[in-house]
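Q: The structure follows.
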Amino acid sequence: MTNIRKSXPLMKIINSSFIDLPAPSNISSWWNFGSLLGICLALQILTGLFLAMHYTSDTATAFNSVTHICRDVNYGWVLRYLHANGASMFFICLYLHVGRGIYYGSYMYTETWNVGVILLFAVMATAFMGYVLPWGQMSFWGATVITNLLSAIPYIGTNLVKWIWGGFSVDKATLTRFFAFHFLLPFVISAMVMVHLLFLHETGSNNPTGIPSNMDMIPFHPYYTIKDILGLLLMITVLLMLVLFSPDMLGDPDNYMPANPLNTPPHIKPEWYFLFAYAILRSIPNKLGGVLALVLSILILIIIPLLHTSKQRSMTFRPLSQCLFWLLVADLFTLTWIGGQPVEHPYVIIGQLASILYFSIIXILMPXISFAENHLLKW
């Protein structure tokens with residue numbers, strides 16, 4: 001008799017995706033983050049669903065409804081902090097996942113990579129709208145500043161901003177629509193994840209050497225299911241330590257003050273995971289230029305496959321490219337730090353230099369060094 005997992009139509013899909021999937025025998029822990037991201041997404045949807053049962057998307061009651069969740073709902077505080085810190089874990093895994101893709105040349109699977117970049121944009125949009133929902137000071141002013149950037153778009157900008165606001169400022173209509181989109185987008189993201197996996201399973205996984213591993217494959221289960229469970233346990237441990245010991249460590253104290261349009265906070269800044277892009281935005285004195293740089297800081301990922309000049313796919317055997325990659329990582333940490341600092345000397349000039357370096361490494365230095373390494377191979 002045929003095994004049910006190989007005959008039932010639904011089980012066949014699950015079997016070919018998670019059980020009998022041929023996987024390279026040498027993929028390292030850097031390949032764990034895909035499954036961790038899937039778990040993060042499931043966690044966010046679940047906690048978000050339960051939070052939405054108690055939340056009200058009205059300017060008069062939003063802040064109080066979040067307070068009510070924390071004080072009066074059974075384990076509401078756990079739900080709220082799991083959701084808030086779950087977003088941080090989501091972005092940590094996302095950035096490590098993208099970093100792995102750049103280091104090991106996974107971007108050569110262009111369809112998978114491009115869907116991944118669109119996913120990154122979708123997750124960033126969802127997180128931004130979620131930050132507005134508690135209707136604290138930083139929620140209100142963050143929404144005002146970031147949506148106002150769209151007014152830099154020539155000709156249609158001002159009308160576009162009013163259309164997004166649903167009025168002449170961030171108000172009741174804005175909060176309601178942000179809640180609607182924040183609820184909807186994770187399900188769109190889930191569908192896009194399926195497309196991401198569909199494209200990935202067309203080619204199979206890359207591996208640390210960057211050499212095709214068709215000769216040496218092993219089944220996904222039990223080898224990588226066990227490995228993924230270990231990664232999951234480590235991530236859940238870090239998340240629970242955050243939630244139970246210092247739930248507000250990554251948040252902004254200003255968000256514990258109800259939104260007040262008459263009182264601007266001294267330093268308006270987004271959540272930590274957007275600080276690098278915020279620093280790039282602020283480092284350009286021109287509004288439209290800043291907005292373009294902000295969008296390009298993520299959109300530049302799309303052209304990375306076109307900039308690949310090396311004869312080798314992975315950076316495993318390319319020490320010069322490795323140096324550049326880690327310089328890029330250090331640069332992103334610098335930008336994240338600058339994004340959280342006030343706009344004054346010396347932070348402005350450091351931010352500008354770090355922004356120039358960011359675009360230079362990706363667009364100029366990496367292709368050139370890869371080209372040079374090709375010639376070094378002949379020595």
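Count begins at 1; order follows the chain as displayed.
Using N, Cα and C of the backbone, Cβ positions are placed for all residues, glycine too.
When I checked Swiss-Prot for this same protein, it listed these features:
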{"type": "BINDING", "residues": "H83, H182", "note": "heme b b562 binding site"}
{"type": "BINDING", "residues": "H97, H196", "note": "heme b b566 binding site"}
{"type": "BINDING", "residues": "H201", "note": "ubiquinone binding site"}
{"type": "TRANSMEM", "residues": "33-53", "note": "transmembrane segment"}
{"type": "TRANSMEM", "residues": "77-98", "note": "transmembrane segment"}
{"type": "TRANSMEM", "residues": "113-133", "note": "transmembrane segment"}
{"type": "TRANSMEM", "residues": "178-198", "note": "transmembrane segment"}
{"type": "TRANSMEM", "residues": "226-246", "note": "transmembrane segment"}
{"type": "TRANSMEM", "residues": "288-308", "note": "transmembrane segment"}
{"type": "TRANSMEM", "residues": "320-340", "note": "transmembrane segment"}
{"type": "TRANSMEM", "residues": "347-367", "note": "transmembrane segment"}
Q: Just checking, which of H83, H97, H182, H196, H201 (binding-site residues) has the fewest C-beta atoms within 10 Å of its C-beta?
A: H201
Q: Of the binding-site residues H83, H182, H201, which sits closest to H97 (heme b b566 binding site) by Cα distance?
A: H201
Q: Top stretch among 226-246, 288-308, 347-367 for CB pairs under 8 A with the transmembrane segment (113-133)?
A: 288-308
Q: Hey, how far is H196 (heme b b566 binding site) from H182 (heme b b562 binding site), Cα to Cα, in Å?
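A: Here the two Cα atoms lie 21 Å apart.
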Q: Kindly say whether the transmembrane segment (288-308) and the transmembrane segment (33-53) touch, using the definition of 3 or more Cβ pairs under 8 Å where each pair is 6 or more positions apart.
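A: The transmembrane segment (33-53) and the transmembrane segment (288-308): touching, no.
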Q: Can you work out which residues elsewhere in the same chain, 6+ from the ends of the transmembrane segment (320-340), have a Cβ less than 8 Å from its Cβ atoms?
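A: Hits for the transmembrane segment (320-340): 99, 102-103, 269-270, 272, 274-280, 282-283, 310, 347, 350-351, 354-355, 357-358, 361-362, 365-366, 369-370, 372-373.
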Q: Give me the CA-CA distance between H182 (heme b b562 binding site) and the residue listed as 'ubiquinone binding site', in Å, as a whole number.
A: 29
Q: Tell me, please, if the transmembrane segment (226-246) and the transmembrane segment (33-53) are in contact, taking contact as 3+ Cβ pairs under 8 Å between residues separated by 6 or more positions?
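A: Counting Cβ pairs under 8 Å, at least 3, so yes.
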Q: Using Cβ atoms and a strict cutoff of less than 8 Å, what residues sit near the transmembrane segment (347-367) while being 6 or more residues removed from its termini?
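A: Hits for the transmembrane segment (347-367): 279-280, 282-284, 293, 296-297, 300, 303-304, 307-309, 321, 324-325, 327-328, 331-332, 334-335, 338-339, 341.
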Q: To the nearest whole angstrom, what is the C-alpha distance linking H83 (heme b b562 binding site) and H201 (ubiquinone binding site)?
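A: That separation, Cα to Cα, works out to 30 Å.
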